[in-house]
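Copied from Swiss-Prot, the annotated features are:
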| type | residues | note |
| --- | --- | --- |
| ZN_FING | 109-131 | zinc finger |
| ZN_FING | 165-187 | zinc finger |
| ZN_FING | 277-299 | zinc finger |
| ZN_FING | 333-355 | zinc finger |
| ZN_FING | 361-383 | zinc finger |
| ZN_FING | 389-411 | zinc finger |
| ZN_FING | 417-439 | zinc finger |
| ZN_FING | 445-467 | zinc finger |
| ZN_FING | 473-495 | zinc finger |
| ZN_FING | 529-551 | zinc finger |
| ZN_FING | 585-607 | zinc finger |
| ZN_FING | 613-635 | zinc finger |
Amino acid sequence: MNECNVHKEGYNELNQYLTTTQSKIFQCDKYVKVFHKLLNSNRHNTKHTGKKPFKCKKCGKSFCMLLHLCQHKRIHIRENSYRCEECGKAFIWFSTLTRHRRVHTGEKSYKYECGKSFNQDSNLTTHKRIHTGQKPYKCEECGTSFYQFSYLTRHKLIHTREKPYKCEQYGKTFNQSSTLTGHKIIHNGEKPYKCEECGKAFSIFSTPTKHKIIHTEEKSHRCEEYCKAYKESSHLTTHKRIHTGEKPYKCEECGKAFSIFSTLTKHKIIHTEEKSHRCEECGKAYKESSHLTTHKRIHTGEKPYKCEECGKTFSVFSILTKHKIIHTEEKPYKCEECGKAFKRSSTLTKHRIIHTEEKPYKCEECGKAFNQSSTLSIHKIIHTGEKPYKCEECGKAFKRSSTLTIHKMIHTGEKPYKCEECGKAFNRSSHLTTHKRIHTGHKPYKCKECGKSFSVFSTLTKHKIIHTDKKPYKCEECGKAFNRSSILSIHKKIHTGEKPYKCEECGKAFKRSSHLAGHKQIHSVQKPYKCEECGKAFSIFSTLTKHKIIHTEEKPYKCEKCGKTFYRFSNLNTHKIIHTGEKPCKCEECGKAFNHSSNLIKHKLIHTGDKPYKCEACGKAFRRSSHLSRHKIIHIGIHTEETVQK
């Protein structure tokens with residue numbers, strides 16, 4: 001057949017040549033493939049018909065070729081198994097053992113031009129198809145094509161809905177034997193894969209491989225742009241696309257481009273609207289029956305996955321896995337910059353962006369940039385105004401499901417995260433982490449401009465604006481500008497007079513939820529925050545922080561006009577109005593203007609006649625709390641005189 005390489009024009013010329021030179025040529029009707037023997041041709045055709053005449057008596061598995069059955073039988077015999085000296089794992093074929101050994105050596109001799117390397121030539125061949133777009137394996141049922149034959153085999157089960165592998169313990173079925181094997185480990189708690197470095201054990205073989213990277217701190221592939229380093233060149237190649245804006249993976253359906261291939265794969269699901277598994281309760285549809293099974297638990301309230309440590313139950317196994325970390329308190333992933341430790345490597349990766357200040361994800365609508373794609377997705381909802389997550393208890397709607405979950409705790413009163421130091425409880429683990437810094441005094445977030453440190457990152461972000469003097473958020477009503485959108489929102493309430501936060505105890509209303517929280521302490525008389533310097537106690541921690549400045553005599557906020565210094569930035573802002581003569585807060589009743597909203601609020605009481613501050617001793621009411629305080633001295637004097645007379 002060597003002389004046939006001259007016939008490159010096509011199949012017809014090759015066929016003509018073979019017919020004249022060979023008397024026994026057998027051809028495949030489906031593809032351009034030729035055979036010298038009828039037996040070989042018949043064997044090959046069996047693949048296309050789907051017939052599997054050769055059956056294993058031991059397990060019932062069928063094959064299209066006798067050779068494949070003979071190879072399969074060795075699984076049951078296991079006489080000539082080849083064992084790995086490194087981990088003890090046994091293999092039927094020596095070639096499989098050779099491939100497996102590369103897991104331990106880390107050898108990846110098959111390299112492609114994009115920088116990615118592989119330990120098997122078959123993996124390289126499959127990877128090449130990503131770049132070429134070649135998908136040789138096509139589903140006859142729906143026409144979907146795949147890079148790998150194994151993907152096609154798995155895909156076919158969607159049409160047949162066949163799940164032949166069943167868990168004997170729970171009855172759950174799977175379409176792959178490997179998935180069943182992995183699932184079984186969940187029940188028996190077996191962790192056969194151990195890290196030689198630290199002794200940590202894992203239930204899945206691939207997990208210790210990922211875990212080992214923690215110990216090997218070698219990151220030889222460095223980004224020239226931001227000096228970020230990676231262990232693999234392929235990861236660096238992907239990272240560089242953030243700076244270049246390159247998006248080589250394009251969706252054929254809508255034209256949308258992506259920088260990562262896996263993101264394109266996830267995106268494609270949007271276009272394939274096949275959702276055959278529908279919930280009878282609410283009508284929601286899913287592509288997979290397992291997703292429907294999980295969804296149904298919302299209606300039934302079933303929570304089959306129980307935590308052995310605290311007894312808490314969950315509807316999804318993955319949530320139980322995440323929950324278990326609370327009890328271990330293990331945080332193996334540490335930030336080299338600030339020393340903060342994390343339970344997951346993905347969380348550490350997200351955290352690192354704080355130090356680099358890199359914001360690669362930009363909103364096309366308003367130009368605002370973010371350090372996480374998830375934050376950008378959440379931000380986009382601002383422009384659409386969509387709030388799909390609604391509270392069944394009070395009807396309030398939210399942009400995020402996580403915000404709804406946290407909101408629900410208001411109705412239940414649940415605060416599962418408790419501080420061991422002072423007993424204070426929180427509804428979020430992140431709030432507990434932040435709270436703990438009060439006791440430790442840890443301030444990991446430092447301002448590069450002035451060196452001031454903060455315990456919360458958001459406080460650092462707010463602080464940075466002091467150095468820039470930028471005020472992008474302007475009030476349309478009075479023209480006043482602010483450096484934060486949240487302050488503008490609060491300011492707007494001056495014009496509207498809106499006070500949505502009401503005290504259930506006395507009926508007093510507030511513009512801010514934080515003001516209501518502070519006010520509530522009046523009724524409880526609880527003052528858990530004590531000053532170590534003078535012993536004075538406070539109901540709010542922020543008030544203690546402000547108070548501490550008195551002892552240090554530090555006044556970091558200086559007026560450029562007259563040189564006067566202040567403890568607080570807000571006091572400086574209030575003071576500045578003296579020089580400008582600005583009076584933005586106007587009374588709608590009489591037209592009188594004030595330089596501060598608090599003065600306007602006090603003034604309004606003249607028109608309403610409202611006297612909210614009442615003396616408990618004699619019942620006399622006052623417009624201002626300061627007037628009530630002065631009045632109380634009268635009773636103290638009377639009480640003293642009565643005591644002396646007695």
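Cβ coordinates are placed from backbone N, Cα and C, and glycine is handled just like the others.
Within its own chain, the zinc finger (585-607) is flanked in space by residues 491, 494, 574, 577-578, 623-624, which lie at least six positions past its ends and keep a Cβ under 8 Å from the stretch. Simply put, out of 333-355, 417-439, 445-467, 529-551, 613-635, 445-467 has the most Cβ pairs sitting under 8 Å from the zinc finger (473-495). Contact between the zinc finger (417-439) and the zinc finger (333-355) is absent: fewer than three CB pairs lie under 8 Å, with pairs separated by 6 or more positions in sequence. The average per-residue pLDDT of the prediction over the zinc finger (417-439) is 82, rounded to a whole number. For the zinc finger (389-411), the DSSP counts in helix, strand and coil order read 11 helix, 4 strand, 8 coil.
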